[in-house]
Amino acid sequence: SAIYELSCEAYKHLGKTSNYYWIDPDGSGALGPLKVYCNMTEDKVWTTVYHDLQMQTSVGGNSVEKLSVLQLNYSATMDQISAITSSAEYCEQFISYSCKMSRLLNTPEGNPYTWWVGKANEKHYYWGGSGPGIQKCACGIERNCTDPKYYCNCDADYKQWRKDSGMLSYKEHLPVSQVVVGDLDRPGSEAKVSVGPVRCQGDRNYWNAASFVTSSSYLHFSTFQGETSADISFYFKTSASDGVFLENLGNTDFIKLELKSATEVSFSFDVGNGPVEIVVRSPNPLNDDQWHRVNAERNVKQASLQVDQLPLEVRKAPTEGHTRLELYSQLYVGAAGGQRGFLGCIRSLRMNGVTLDLEERAKVTPGVKPGCSGHCTSYGMYCANGGKCVEKYNGYSCDCSKTAYDGPFCIKDVGAFFEEGMWLRYNFHSPGTSVKDLVSRTLLSSADPEITAPDLNLNKEELSFSFSTTKSPCVLLYVSSYTPDFMAVLVNPHGNLQIRYNLGGTKEPYNIDIDHRNMANGQPHTVNVTRNGRDIVLQLDHYPPTSYSLPATSDIQFNSPKALFLGKVIETGKIDQDIYKYSTPGFTGCLSRVQFNQIAPLKAALRPTNASSHVHIQGELVESNCGASPLTIPPMSAATDPWHLDSASADFPYNGQAIGDGVNRNSAIIGGVIAVVIFTILCTLVFLIRYMFRHKGTYHTNEAKGAESAESADAAIMNNDPNFTETIDESKKEWLI
C-alpha cells in the first residue's frame with residue numbers, strides 16, 4: 001500500500017505547494033487515509049476538510065414541523081477528522097444564521113431554539129464568535145446586538161433579515177455534524193444556515209522532538225501495548241554511528257529498534273519463538289546529521305522494516321507457535337538497561353498511531369533536551385532563489401528578504417503593473433548619507449567582497465527580471481551614475497530587446513541587440529544579464545545563454561552608480577538621446593522579480609523592508625503577477641480546475657493515447673480551429689475589459705467574488721470558494737510552451 005504522509009505539515013516539508021493530498025493521520029492504524037486540501041501559502045499550514053451542505057441553505061418559509069435538521073456529510077469519517085483536530089494547534093469552523101422572524105438562542109437561561117451537534121454527538125448551545133458554556137452569539141459578547149435585551153441579533157425577532165455569524169474555534173467540539181433549527185413554525189419565519197469547512201493549523205506531532213545529549217540518557221513511557229500488532233514510526237538525526245532508539249522488555253519477550261552501525265538499522269523482537277531480527281542496510285551513511293525516517297511493523301502474519309525510501313524488508317511469521325508479544329517493563333526511548341543509547345534527535349515518534357510527547361518528558365529528564373535544532377541541513381534545499389533557511393524551534397522557515405521573491409519557499413514572484421507615465425526610482429544611497437558610506441556599499445555589494453571597494457565602482461553586475469508589454473519602444477530598466485556611465489535594458493521601436501552599456505572609453509555606448517525576436521508581444525519574458533569585467537552573458541527566456549565582450553577600449557568599471565529606474569527615466573544632467581526618446585511617454589505593462597546584485601527594487605516598494613526608504617514612486621504602483629515568468633505561472637490549480645483528473649492519471653488528460661487517423665483527426669483539427677477562434681475572441685474581450693477598467697483599478701484587487709451581494713466581509717469570504725482566493729502561486733507545474 002502507498003505510504004501517505006501523516007499531515008499537510010509533512011507534505012509542506014517535502015517542498016509541496018497548496019493542493020489536495022491524501023493524509024493518514026494515524027499511520028497504519030485503523031482509520032485509513034483521507035483526502036484534504038492543504039493550503040501552504042502562509043507560515044503555518046492549513047488543513048481543510050469539506051462537507052456537502054450548501055452555503056445559505058434555506059430552512060422554513062412554509063414549514064409545518066417544529067424542528068428542521070440539517071445534516072452535514074464530510075469527505076472523511078468523524079474519527080479521521082478527530083485525529084486531525086487533536087494533533088492540530090488550532091482549528092476553526094465558520095457558522096452563520098440569517099433570520100427573518102426566526103429566533104436563534106433567545107435567552108441565556110431557557111432552552112435555545114437552535115443548536116448544533118459536534119464531535120461525539122454532543123449538543124452545543126453557543127454560536128460562532130462565542131465559546132463553550134456561554135449561550136450567546138458574537139454580538140452578545142461584543143455587546144452590539146440589534147436588541148440589547150438579547151444576546152443574538154436574530155433574537156430581536158425582526159421582520160427584516162438579520163444575521164449571527166462567527167468562528168467556532170473550540171477544537172474539542174468540532175466538526176459540526178448537524179444544525180437543528182427550531183423557530184420556524186410561525187407564518188413569515190424563515191432562515192438560512194451556512195457552515196464553512198473545518199480548517200486546522202499546525203501539527204503538534206510532526207515536530208515533537210527530543211535531543212539525547214549523553215549515551216546513557218533515556219526517556220521512559222508506560223508499557224507498549226502491542227500484543228498482536230505493533231506499528232512504530234519516527235524520524236532520527238545523528239552523527240553517532242550506533243545506539244539504541246527504543247526498547248521494551250517482558251519476561252523473555254522484547255521489542256527493540258536500534259542503529260547498529262552507520263549504515264544499518266535493526267528491528268528485533270521475540271514473541272516466544274526465539275528472537276527475530278530484521279536489518280535494513282543503507283548504501284549511504286545514516287549518521288550524516290540529516291533526518292531519516294524509520295517505519296517498523298509487526299502483526300501475527302509478518303514483520304517489516306523500512307528506512308527512508310529504501311526497499312522494505314519483510315519477514316514472515318512462523319505458521320505455528322506464539323503470536324502474542326507480552327511486555328512488562330516500561331518503554332525506554334534511548335539508553336536501556338546499560339546499553340549504549342542513541343545520541344542525537346528523535347522526532348514524531350508514533351506507537352500504534354499515538355504520538356509520544358517526547359518534548360514534555362524531556363523537559364523533566366536530565367541528559368535529554370526538548371526540541372531539536374538543525375532542520376536546515378535536511379530542508380534548506382526547499383528555500384529557492386537565494387532564500388536563506390532559518391532554524392526554528394519546531395521546524396524552519398525561508399527568509400526571502402535578500403531575494404526578489406516571496407512566499408513560504410521564496411518562489412512567488414513579486415511584481416507590479418505599470419501604467420503609462422508611472423515610474424520608480426531606487427537610490428543606491430540612503431537620503432543624507434555620503435557616497436562612500438559603508439551602508440550603501442554593503443547594500444550594493446554582491447555576495448562578493450571585492451565589490452565593496454571604497455569608491456563604489458562595480459566590476460561586475462548581476463541583473464535578472466521578467467516583463468510583459470505590448471508597447472514599444474520603451475525603457476525596461478536603467479541604472480544611472482554620478483558619472484556618464486549607465487546601463488540600460490530597452491525595447492526598440494521594432495519590439496526587439498537591446499542591452500546598452502556605457503562605461504567610458506568608447507565613442508558610442510556598447511549595444512547588444514537581439515533582433516530576431518519580438519519581445520513586445522504581451523507574453524512574459526525573462527532577462528538575465530551578468531557582467532564580469534569585460535565579459536557579458538545574456539540569457540533570454542529558456543534559450544541558451546550567449547556571451548558577449550565589451551570592446552577592448554572600453555572601461556570595465558561601472559563608476560559610482562546612483563539610482564535604478566523602472567518605467568521611465570527621470571534623471572538630471574545629460575542623458576542618452578535614444579533613452580530619452582524611448583522613455584517618453586513611459587513603459588506600460590508588467591515587471592516582476594527585478595533584482596540588481598543584492599537589491600530588489602520592486603519588492604522594496606511593495607513590501608515594507610529596511611530598504612524601502614531608498615524607493616521613490618511616481619504614480620500608483622499596483623501589485624500584480626502579470627509579468628511573472630512563464631516558468632512560474634502554474635496552470636489552473638487542481639482545486640479549481642473542473643477538468644482536473646486525479647494526479648494518479650498523470651498530468652495529461654489524454655494519457656498518451658494517439659488520436660486515430662481519419663474522422664477523429666479531422667474532427668480534432670476542426671475542434672482545434674474552433675478552440676483557437678473562441679480563445680482569440682475571449683482574449684480580445686479580456687483585453688478590452690482590462691483596458692476599460694484599467695484606470696478604475698478594479699481588476700487590480702483580489703476581492704472575494706460575491707463580495708457585493710454578501711452581507712459582510714465574513715460572508716464574502718465564505719460565499720467565496722476558499723480555493724479561489726488562493727493566489728496564482730498554487731501547485732507549481734511548468735507550462736508547456
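For all residues, glycine too, the Cβ spot is worked out from N, Cα and C.
According to TrEMBL, the feature domain 'Fibrinogen C-terminal' maps to 1-51.
Under the heading domain 'Laminin G', TrEMBL lists 208-372 (among others).
The disulfide bond annotation in TrEMBL covers Cys345-Cys372. A sphere of 10 angstroms centred on the C-beta of Cys372 (disulfide bond) encloses 25 other C-beta atoms.
Per TrEMBL, domain 'EGF-like' is recorded for 373-411. Beyond its flanks by at least six residues, the domain 'EGF-like' (373-411) meets 12-13, 15, 17, 40-43, 207, 209, 211, 237, 289-291, 345, 464-465, 593-595, 598, 600, 602-603, 607, 609, 632, 729, 732 of its own chain at Cβ-Cβ distances under 8 Å.
What TrEMBL lists as domain 'Laminin G' is 440-626 (among others).
Among the features that TrEMBL reports, transmembrane segment is placed at 668-689.
Mean pLDDT across the domain 'EGF-like' (373-411) comes to 80 in this model. Broken down with DSSP, the domain 'EGF-like' (373-411) shows 7 helix, 12 strand, 20 coil. Counting residue by residue with DSSP, the domain 'Fibrinogen C-terminal' (1-51) contains 5 helix, 17 strand, 29 coil. In the structure as shown, the Cβ atom of Cys345 (disulfide bond) sits within 10 Å of 22 other Cβ atoms.
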